[in-house]
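Enquirer: According to TrEMBL, the protein carries these features:
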{"type": "REPEAT", "residues": "145-177", "note": "repeat 'ANK'"}
{"type": "REPEAT", "residues": "178-210", "note": "repeat 'ANK'"}
{"type": "REPEAT", "residues": "214-243", "note": "repeat 'ANK'"}
{"type": "REPEAT", "residues": "244-276", "note": "repeat 'ANK'"}
Amino acid sequence: MEKDVQWTSEVISKEVKLEKKHEGLKAHKLKLGILKRDTLEEEKYAESVHRDVADIKAVECRRRTPSDLCREIVDLRGIENLIELHRRRKVRRKKAGSSARTVAEMLVMGSVDPSDFLKAAAQGWTEVIEKFLEDGGNPDTCDEFRRTALHRASLEGHTAIVQKLLDKGADINFADRLDCTAVHWACRGGWLDILKVLQSSGADLNVKDKVLSTPLHVATRTGHCDVVKYLLSSGIKVNAKDREGDTALHDAVRLNHHKIVKLLVLGGADMKAKNSEGVTAMELVKQWQFDIKETLESLVHAKGMGLL
C-alpha cells in the first residue's frame, strides 16, 4: 500500500509540474506567435485528462507536505482510481505493441502496397520495408505530399531503415512539396545518428527548403543542441538566411534557446547580421525587453485606473 501511495504521489507531482511548464510555454508562444512551420500537415493535439486525476491536481498546489498528499489521496479514494488507470494503460500499451507486430507479420505474407510501405517506414517495420524492396518496389515511392519512406524514417529515428533505403538506391536529395529533404526531417526529429548516416551518404547539409530554411535553421527552431553542434562542426554556413532574412541566430534569440545562441556565436555566427526588417539578433533581444516593459507599464496604468 505504501509503495502504491508513493507511486501515486510521484505521478501527481509530475503532472502538476508538466502542467505548470505547459502553461508557461503556452504564454511564451502566444508572445512569439508561430515562427515558422516545418511540417507538411497541420498537427493537432488533444488532451484527455482523467476526472479523478484532474480533481486531485486541482488541490495539489495547496498541499504542504508529502504526508498531507498521501492522506488526502487515500481520503479521496484517488489511489485506487489511479492504480487502475495505470494498469489499464499498461494493458493498452502491451496490446498496441502486439497488434503492431501482428500487422507487420501479416503484411509480409503478401505483396506490400505503397501506402503500407510508407507506413512501415514511420512505424519502424523493417521486415515490411525489406519485403517491398525485394519485390521490386521503388524506394522513392512517395505520398501526396511527396514525402518518401526516407523522409518518414528520418523524422521518426529509424536508423536501420534509413540505411537500408539508401543501400537500395533511395534518392538522398529527394525533396517533398516544401522542398524539405531527409536532412531537414532528421534535424527536425533531432536524430544525430541519422544525420551522420545521411552525411556519409553524400547529403547536402546546407540544402534549403521552400522558405529557404537550412537544416541549421530547423535544428535551431526545434531546440536540438547536439544536432546544432554537429552541424557547426561539419562546416555548414552558419550565417545562411531564410526567406525573412533570419539567420539561425535570429531564430535562437527569438525562441530563447540560450544554449544554442552560445553554440552559434562560438561557431562564428554574425551578431551584426540583419534580417529583411533590418534587425539584428541583438536588437531582437532589446525589442523583446521593450515589449515586456511596455506591457508591464500598461498593466500598472490600468490597475491605477481601477480597470483591473
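Cβ coordinates come from backbone N, Cα and C, glycine included.
Help me picture where these features are in the structure shown.
Expert: Note on the repeat 'ANK' (145-177): residues 40-41, 117-118, 120-124, 126, 129-130, 133, 139, 183, 185-186, 188-189, 191, 193-194, 197-198, 201-204, 207, 209 of its chain, located 6 or more positions outside it, place their CB under 8 angstroms from a CB of the stretch.
Per-residue confidence over the repeat 'ANK' (178-210) averages 98 (mean pLDDT, predicted model).
Long-range contacts of the repeat 'ANK' (214-243) within its own chain (CB-CB distance under 8 A, at least 6 residues past either end) are made by residues 35-36, 38, 183-184, 186-188, 190-192, 195-196, 199, 205-208, 249, 251-252, 255, 257, 259-260, 263-264, 267-270, 273, 275.
Using DSSP to sort the residues of the repeat 'ANK' (244-276) gives these counts of helix, strand and coil: 16 helix, 1 strand, 16 coil.
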Enquirer: Could you put numbers on the helix, strand and coil content of the repeat 'ANK' (145-177), residue by residue per DSSP?
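Expert: Reading the DSSP string over the repeat 'ANK' (145-177) gives 17 helix, 1 strand, 15 coil.
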